[in-house]
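A.B. asks: Feature list, courtesy of Swiss-Prot:
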SIGNAL    1-22  signal peptide
SITE      TYR28  site 'Greasy slide, important in sugar transport'
SITE      TYR60  site 'Greasy slide, important in sugar transport'
SITE      TRP92  site 'Greasy slide, important in sugar transport'
SITE      TYR136  site 'Important in sugar transport'
SITE      PHE227  site 'Greasy slide, important in sugar transport'
SITE      TRP374  site 'Greasy slide, important in sugar transport'
SITE      TRP411  site 'Greasy slide, important in sugar transport'
Amino acid sequence: MKKVSVIAAAVAATLAAGSAFAVDFNGYFRAGTGISGNGNADQAVNKAGTGRLGNENDNYYEFGFAEELKTGEQTWKVESMIAQGNSGANGWEDGDFNVAQFNVQAKGLLASDQEAVMWAGKRYYQRKDIHITDFYFLNTSGTGGGIENLSVGNQKLSVALVQDGDNTNSSGYIFDARLANIGLWENASLELAMAYNFATEKDSKNEVADDGVLVSAILHQGLSNGFNQTVFQYGTAGYGAQAANFWGAGSYYARGTEAFNDASGFRLLNWGVINLGENWEMGHQLAYLAGSDIGGQFGGDGANKNTYTGKSFDIDQYSVVVRPMYKWNDTMRTVFEAGYNAGEKISNGGLATEDFGNAKFTVAQAWAMGDSFWARPELRVYGTYLLDTENDKAFGDDDTEFVVGIQVEAWW
């Protein structure tokens, strides 16, 4: 009886505390499965370049708790998040749970600027992404600290230092600086960002990778029927290789190799979502990416098998993705998505020129909690046609594949 009483008291205390603490439960997940024509279960190809709808063959989950604690004019936010991903092939799967976020953000500490926020810990730091391709084009997340939303006239300045990797020779870091809310014309604003990735060498060690710089300009245009965003990014060294590919940009800088020291690259992106009438909405991505002296070939035997050969390549590619959606009512919609990504790796120093390309077309019948393009949760059944334009054996013995599947996506 005593044990029951203790449990009952704990439950009662928890329920009573609910009125005193406003804990925010938030998260995101996607999960589903598909059947492909070649019998290899679900298939997915290059979603950053051709679109993610009907083109994801994994499950991914993240859930977090956050609470704001107020004292006087100050607000202290404690934020946490756990993330995990797997293939979804079995009902019970082993997988590492990652502490994606655990940080404290304090607003109101500066009497001269009550909106400025000081923070420290592990954090998704002001990430920038294109939703329909799941492409994070600026992402310097990690463990660190900084201050954000400092008032500089009408603009907002944010600076941060974030650790980015550690190896036997060095420890990597990102210095991130951003200036946002730069007013232009009506409903238009500009954000400028600079990420400098550098390393500190350990005693008697030498880091062969050069530091890199990534600069970004993000133009946001509000429209009467939606929004449009244009992004230009330029990177050097390891950031040059990232900018020339759909690899994201910010963290996971290439250390321990000189392969990218001479690299430079840029990308031009345009994306947005617009309302095309009472029943239609459409999202899109347009992208052009290019780079030169991208390290491309490693060789050697034994302990030298990963030695950079000095042979590299130039690269250019483009991507077009459109996702129109027809709304039958407040819940049911039919969603189409077509995408094409193609380019070439141009020989430099003896490598052969290599063309590459993928195309995808998806039709999905979906039901969502609301009629907006962004309404979630959303249940989908879909059919997807995949094409590899350069590899005749991309899908078993064929260059095409068809997948039918079901998926749910939610955020809250």
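We number each residue from 1, going along the chain as drawn.
Glycine is no exception: its Cβ is also placed from the backbone N, Cα and C atoms.
Buried or exposed, and what's around them? Tell me for each listed feature.
C.D. replies: In this structure, TYR28 (site 'Greasy slide, important in sugar transport') is part of a beta strand by DSSP.
Over all protein chains present, the Cβ of TYR60 (site 'Greasy slide, important in sugar transport') has 16 other Cβ atoms lying within 10 Å.
Under 8 Å, Cβ to Cβ, and six or more positions away along its own chain, TRP92 (site 'Greasy slide, important in sugar transport') finds no residue.
Within 10 Å of the C-beta atom of TYR136 (site 'Important in sugar transport') sit 19 other C-beta atoms, taking all shown protein chains into account. TYR136 (site 'Important in sugar transport') falls within a strand when secondary structure is assigned with DSSP.
For PHE227 (site 'Greasy slide, important in sugar transport'), the same-chain residues 6+ apart in sequence whose C-beta sits under 8 angstroms from its C-beta are HIS220, GLN221, GLY272, VAL273, ILE274.
Taken residue by residue with DSSP, TRP374 (site 'Greasy slide, important in sugar transport') is part of neither helix nor strand, so it is coil. The number of other CB atoms found within 10 A of the CB of TRP374 (site 'Greasy slide, important in sugar transport'), across every protein chain shown, is 12.
In three-state terms derived from DSSP, TRP411 (site 'Greasy slide, important in sugar transport') belongs to an extended strand segment.
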A.B. asks: If you count Cβ atoms within 10 Å of each one, which of the recorded sites TYR28, TRP411 comes out on top?
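C.D. replies: In terms of Cβ crowding, the pick is TYR28.
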A.B. asks: Cα of TYR136 (site 'Important in sugar transport') to Cα of TYR28 (site 'Greasy slide, important in sugar transport'): how many Å, rounded?
C.D. replies: 16
A.B. asks: Here's one to test understanding: among the recorded sites TYR28, TYR60, TRP374, whose C-alpha is closest in space to the C-alpha of TRP411 (site 'Greasy slide, important in sugar transport')?
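C.D. replies: Sorting the recorded sites by distance from TRP411 (site 'Greasy slide, important in sugar transport'), the top entry is TYR28.
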A.B. asks: Taking only the Cα atoms, work out how far TYR60 (site 'Greasy slide, important in sugar transport') lies from TYR28 (site 'Greasy slide, important in sugar transport'), in Å, as a whole number.
C.D. replies: 8
